[in-house]
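Student: Pulled the feature table from TrEMBL, pasting it below:
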TRANSMEM  28-44  transmembrane segment
TRANSMEM  53-70  transmembrane segment
TRANSMEM  82-101  transmembrane segment
TRANSMEM  110-129  transmembrane segment
TRANSMEM  171-192  transmembrane segment
TRANSMEM  204-228  transmembrane segment
TRANSMEM  235-255  transmembrane segment
TRANSMEM  261-279  transmembrane segment
REGION    288-332  region 'Disordered'
COMPBIAS  321-332  compositional bias 'Polar residues'
Amino acid sequence: MVKLRVEACSVMIMPAFSGVNAPTSQSLLNYILLALVYGGIMIYKRQLLTVKWYYYLILSIVDVEANYIVVKAYQYTSLTSVMLLDCWAIPCVLFLTWIFLKTKYGLRKLFGVGICVAGVVLVVFSDVHASERKSKGPSPLKGDMLVIAGATLYAVSNVTEEYIVKKSSRIEVMAMLGVFGAIISGIQISILEREELRSTEWNASAVLPFIGFALAMFLFYSTVPIILKICGATMLNLSLLTSDMWAVLIRIFAYHEKVDWMYFVAFAGTAIGLIIYSYKGSREAAEDTAQVAGATDEEAATENRMAERVPGAGEDDGPDSNKSPSEAATSR
C-alpha cells in the first residue's frame with residue numbers, strides 16, 4: 001500500500017484541475033472499497049485476526065498520511081522535483097528491510113538499484129535540458145521536504161505491509177487496511193477538507209476522476225500484497241519507477257507532446273536495472289520457488305487455522321462435539 005506510490009499520487013492531483021483539492025477524500029473511496037470487498041470476504045469465511053489490530057492501525061496511519069503529504073507537495077514544488085526526490089524511498093526500503101526483515105543484498109542487486117535510480121535522474125535532466133521546468137512552485141524547499149517525508153513514510157508502509165502479509169493472509173491485510181484507512185481518512189476529512197468539499201460543484205468533471213482514481217488504486221492495492229510476498233518491498237519500489245517512463249508515452253501518444261531523447265535512454269536504463277536486480281542463478285531461483293510455494297502453503301494453512309478457531313466451525317452437533325479427539329475415539 002504500494003502505499004508507498006509516489007508516482008501514483010500524480011494522478012491524485014487531476015481533480016484539482018476541476019477545482020477540487022481534497023487528496024484525503026480521494027483516498028477515502030479506495031479504503032471503503034477495500035473494506036467492503038475484503039471485509040465481506042472475511043465475514044463470509046468467518047476469519048479471525050491473526051495479527052494484532054494495532055499493527056493495522058499503525059500501517060493505516062502511515063499509509064493515509066504518506067498519500068496526503070506527497071499530494072500537498074505538488075502545491076509547493078515542481079513535478080520534476082517530485083520525480084527526483086521520490087527515489088529517496090529506495091534507499092529507505094533497502095535500509096529498513098536490511099534492519100528489520102534481515103534481507104541480504106549482494107553487490108549485483110545494489111548495482112541494479114543504482115542503474116534504476118540513475119534512469120529516473122536522467123528523466124529530471126531531460127526536463128532541464130528541454131526547458132520544461134517552467135515553474136519551481138511557490139515554496140520549493142517546503143515542497144521538497146514534504147516529498148522526502150512522504151517517500152520515507154511510503155518506505156515504512158511498504159516494509160510494514162511486507163512484514164504483516166508474510167504473517168497473515170492477503171485478505172486480512174487488505175480488509176483491515178481498508179477499515180482503519182477509511183476511519184482515519186474520515187476523521188482527517190472532517191478536520192481539513194470539510195469546507196473544500198462543501199464548496200465544490202459536484203459535476204461529471206469532478207466526480208469521474210474521483211471514481212477512476214478509486215478503482216485504479218483498489219486494483220493497485222489488491223496486487224501489492226502478492227508482489228510483496230513474492231518479490232519484496234525493494235522490487236516493488238524499483239518496478240514503480242517505470243511509471244514515470246510510461247507517463248512519457250502517454251504524453252507522446254495521448255497529448256501529442258514532444259519529449260527529449262533522454263527519456264528513452266532513461267526508460268532503457270531503468271529496465272536494465274530491473275533485469276540486473278531480479279536476475280537469479282539456478283540456486284537462487286530454486287530457493288525463491290520454494291519460498292513462494294511455502295508462502296502459498298503458509299497462507300492456506302493460516303486461513304485453515306482461522307477457520308478452525310471460529311466457534312462452531314467443523315464441529316458436530318452430536319454428543320461427542322465437546323470432547324477431545326482421543327476421547328471421541330474412545331467413546332466410539
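Just so you know, glycine gets a Cβ as well, placed from its N, Cα and C.
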Student: Which of 28-44, 53-70, 171-192, 261-279 has the most Cβ pairs closer than 8 Å to the transmembrane segment (204-228)?
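Tutor: It is 28-44 that shares the most Cβ pairs under 8 Å with the transmembrane segment (204-228).
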Student: With CB pairs under 8 Å as the measure, which of the listed stretches 28-44, 53-70, 261-279 comes out on top against the transmembrane segment (171-192)?
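Tutor: Going through each listed stretch, the top one turns out to be 28-44.
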Student: Looking only at residues six or more beyond either end of the transmembrane segment (28-44), which have a C-beta under 8 A from one in the stretch?
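Tutor: Result: 64, 171-172, 174-175, 177-179, 181-182, 185-186, 189, 210-211, 213-215, 217-218, 221-222.
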